[in-house]
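Participant: Next up is a structure, given as structure tokens.
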Amino acid sequence: EEDLLNDVCREVVERWSDSQVVDSKEEKEDEVQAIASMMEKQARIVVKPKEVSQEEKQRKAALLAQYANVTDEEEYPFPALLGALRDISCSKPPAKAAPSQLCRPAPALFRNTNVEDVLNARKLERELLRDEFQKKKEQDKLQREKDKLAKQERKEKEKKRTQKGERKR
């Protein structure tokens, strides 16, 4: 009976392992098939590059040039970009323009005054501090004069008191 029991157990284990191998092969094939179908779908999805017309490029370049205008006192942080903008704006020179005006970007509608505002604020702050210092200096001078007068008055009082005391003797 033990032999029979061992044979039955071995047969059950073999059949179970065979079924597991078949199931895992089917699962692997299903996974491979799913991955292949996903890759095919991704291959079909092609992002078309956006076509930008020449007019849109010029409009964009004009906007960039407008905001990139820098006054003489300021320094442009990206000189390479500024050169590229000038090249774009110089691609179509006007027919009757003077040679000095051929490669100048269009004038801006406004001027960036951030730097000037900061400098003016610092200058104003320095002036206020200077005025405060001057006031304090004058107050200190007045206080020293008052102290000097008070000291002198104390000396005079002391002198009078000592003179009174000497007269009484």
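The backbone N, Cα and C atoms fix where each Cβ goes, glycine too.
Unlike curated records, TrEMBL annotations are generated automatically.
Pasting the relevant annotations from TrEMBL:
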type	residues	note
REGION	131-169	region 'Disordered'
COMPBIAS	131-156	compositional bias 'Basic and acidic residues'
COMPBIAS	157-169	compositional bias 'Basic residues'
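Can you tell me where each of these features sits in this structure?
Facilitator: Residues of the compositional bias 'Basic and acidic residues' (131-156) grouped by DSSP class, helix first, strand second and coil last, total 26 helix, 0 strand, 0 coil.
With helix defined as DSSP H, G or I and strand as E or B, the compositional bias 'Basic residues' (157-169) counts 12 helix, 0 strand, 1 coil.
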